[in-house]
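These notes are about the structure you will find just below.
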Amino acid sequence: MKIPSPTARPWHLPSPAHLATFYVAALLTILLCRRFIFEASDPYKCRALLETGQWYDEHTWLPAGCNTEPYGLDPINDCARGRRIVLAGDLSLQGTYWAMVRKTNGDVGAQPPVEADLHYVNDDVELECIWDPHLNQSQVFRYAQAYRHGWDEAPMLMVVGGGSFYAQDDDVMGHVGLMSTPRRRSGRHASFRTGAGVLSDGQGAQAIQDMNDELGMLASTGAIDVLWSFAEMTSGSASSRTHPMPYASDEVEDARADVLLGLRCNAKAANRGFFPNTRTCCATWRAPNWIQSTFLSLAAPYSAPYAPSPQSSAYNTSPTDRTHLFEQTRRLPLELPNLRNMILIVLLIGILSIRRSKPPKNSSTQPFLSRDQTEEWKGWMQALILLYHYNMAWTATWFWQIIRLAVASYLFLTGFGHTVYFLQKQDLSLRRVAAVMLRTNLLPVTLALGVVAIKRDWSERTMPLLCKIAASAALVQAFLRTEGLAEAVVKVPQLVFNLSFDATAFFGLRVKSDAYIVYIGMLTAILHTHALTTPHHRSWPALKPLTITLSALLLPAFFTTTTRHPRTQPSFLALQPYITPLTILTYLVLRNAHPVLRDYHAAAFAWLGRYWGEMYVLQDHVWLGGDQEGVLRLGVWRGGDESVGGDRWRDLVCLTGLFLVACAVVGKATWVVVRRWVVEGEVEMGLLGRGGGRGFEGKRVRGWTWWGWWKGGLWPAAVRDRVLLVLGILWFLNLTYT
């Protein structure tokens with residue numbers, strides 16, 4: 001029998017932190033190899049726009065690994081005002097020419113093909129189509145030479161190509177060689193279109209293939225750029241996208257015009273600082289301005305000792321959302337089977353993760369609305385919100401109603417939690433308020449705090465407190481119903497803080513539709529606190545089953561009512577302030593109806609609930625992309641059909657892991673900041689921590705002691721001064737943001 005060495009260490013599974021570190025490192029290594037080795041020749045996805053793409057749902061053209069959007073008059077004017085766009089070749093380019101004309105003037109339609117030059121000017125944007133099927137006219141050569149040498153008369157964008165004439169002329173490839181350019185000129189772009197069409201003698205296919213092969217050889221040397229994507233738009237396509245020669249369908253020609261404009265205008269818009277996140281093909285991300293760069297540089301040395309720091313979180317998320325290391329593609333319209341499948345997967349994960357909660361010290365069962373339960377509640381709501389945004393599910397009214405209910409539930413939990421805390425702890429200090437504001441929503445916290453803090457001695461008695469709640473609700477309703485008052489109030493922060501804020505959309509839609517739910521949460525908290533401090537009445541044993549029975553009947557009644565009667569979103573919004581409180585209360589009663597239901601929770605959802613705030617923010621930058629305008633992809637798998645079920649699911653699985661790791665890291669970083677204000681464990685939703693909720697009055701939170709000169713000098717000791725300093729910094733950064 002072999003005796004183990006006394007120095008041998010037992011093998012243990014790696015910790016979650018080590019597994020997460022390895023996963024992120026492996027993923028970034030793969031992406032760096034793809035970006036700097038396999039795709040080093042196309043760092044900004046220009047070739048992807050030129051050469052690749054496929055149709056999705058027969059109407060949407062998707063380049064591989066990046067995104068572009070249809071151009072209209074205003075974006076074209078910003079890009080091409082005072083410039084010239086030239087298309088030269090046979091009749092097959094006139095369809096693209098008329099597509100560009102339509103984009104600058106929607107009243108102009110496509111015209112029949114004519115063997116003549118075409119010229120159009122609108123709002124100082126000049127479009128020119130030169131009839132030159134053999135590519136031997138002097139005007140085309142002059143433009144090509146001007147582009148080659150960077151002369152002022154060179155067009156901003158030039159496209160040369162042809163179809164059947166292109167292949168019949170044996171000298172045409174020599175002309176193409178003369179027009180080739182050894183390098184791109186700043187501010188200009190020239191491309192060659194592949195041959196297309198069939199010759200009258202039936203030899204067209206092979207002749208055009210030979211032409212395309214020669215174009216490919218020139219393109220491989222870097223002499224020319226070839227628009228292979230033009231041919232992909234009609235290769236193997238349905239008859240709906242092809243017209244009798246020389247034109248393709250309007251849909252195809254519009255897509256071709258957008259590709260050409262994207263090649264030039266995406267980069268120009270980015271350089272001017274008007275970069276739309278929906279156009280990532282052939283464009284660079286705008287670098288931070290000097291103020292942002294200075295702030296990040298100064299913050300880096302001080303955040304070095306803290307691995308999960310807020311600054312490092314900013315550095316870690318920038319590669320996903322502000323570089324081409326990750327690919328950003330278009331979000332796809334809603335497909336109900338994808339949404340249902342994702343919901344089922346999330347539900348299955350939640351069921352499989354059901355665990356018994358750790359029992360409290362002074363009881364054998366969990367209390368009403370325990371910490372695990374609130375985190376579980378927030379977790380599954382946040383999971384649904386993620387699926388809602390990923391699938392663009394606002395077009396499904398039934399799911400949109402569920403999301404509105406989830407938002408109202410969060411407001412209810414916030415109002416309930418903070419009211420319970422204020423009533424039990426009587427802590428209305430500025431330190432507490434500032435710490436909470438770092439983690440939670442401003443509106444429900446302000447309402448709960450304001451009601452309890454004003455006439456504080458009234459809050460110790462039930463009836464005066466109820467009167468204050470009623471008065472607060474009446475004031476809020478008066479504010480919302482007074483026409484123009486919300487817009488006038490918002491004018492001040494718009495001017496002082498340089499905010500871009502739509503008061504009508506926020507107060508008229510968001511606040512008005514959830515006008516009462518915070519107060520319902522506060523009333524529930526008062527009732528809960530009263531029940532804890534008052535001996536049970538003899539009618540309580542009969543009241544409890546009656547309440548549970550009514551709740552069991554009301555919950556299905558809610559879904560029946562909302563699916564049959566308010567068939568539109570405006571009709572649901574009109575009923576939402578009155579029906580969502582009943583639904584939330586019925587769920588709350590049923591979730592706490594029995595000790596078994598209180599003692600068990602879905603651990604996966606509870607974990608998500610701990611980082612709900614980080615998930616809500618980071619979903620736009622680490623899971624989705626470009627401030628929720630696109631979808632992140634790894635770019636490792638090619639050749640898919642761009643659908644979620646048939647292609648994107650692999651990226652979704654890998655990036656979900658990265659997203660969850662980022663949320664955990666940022667969540668821990670947030671606590672580094674929060675601990676400067678309040679003891680950890682007493683901030684989230686205002687509920688007391690699992691350990692019983694120790695107060696922090698008189699306690700000094702141990703902070704960053706190694707840099708005492710900063711703590712004692714620039715970092716104020718008084719909470720009020722800290723708040724003013726932080727607000728001043730945020731005001732300055734927001735005012736100077738560009």
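Backbone N, Cα and C define each Cβ position, glycine as well.
As recorded in TrEMBL:
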type: DOMAIN; residues: 321-449; note: domain 'Cas1p 10 TM acyl transferase'
type: DOMAIN; residues: 461-634; note: domain 'Cas1p 10 TM acyl transferase'
type: TRANSMEM; residues: 20-37; note: transmembrane segment
type: TRANSMEM; residues: 338-354; note: transmembrane segment
type: TRANSMEM; residues: 398-421; note: transmembrane segment
type: TRANSMEM; residues: 433-454; note: transmembrane segment
type: TRANSMEM; residues: 516-533; note: transmembrane segment
type: TRANSMEM; residues: 540-559; note: transmembrane segment
type: TRANSMEM; residues: 571-590; note: transmembrane segment
type: TRANSMEM; residues: 652-674; note: transmembrane segment
type: TRANSMEM; residues: 714-733; note: transmembrane segment
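In this chain, the transmembrane segment (20-37) does not touch the transmembrane segment (571-590); fewer than three CB pairs sit within less than 8 A of each other, excluding pairs fewer than 6 residues apart. Here the domain 'Cas1p 10 TM acyl transferase' (461-634) has a mean pLDDT of 82 out of 100. The DSSP breakdown of the domain 'Cas1p 10 TM acyl transferase' (321-449), given as helix, strand and coil counts, is 86 helix, 7 strand, 36 coil.
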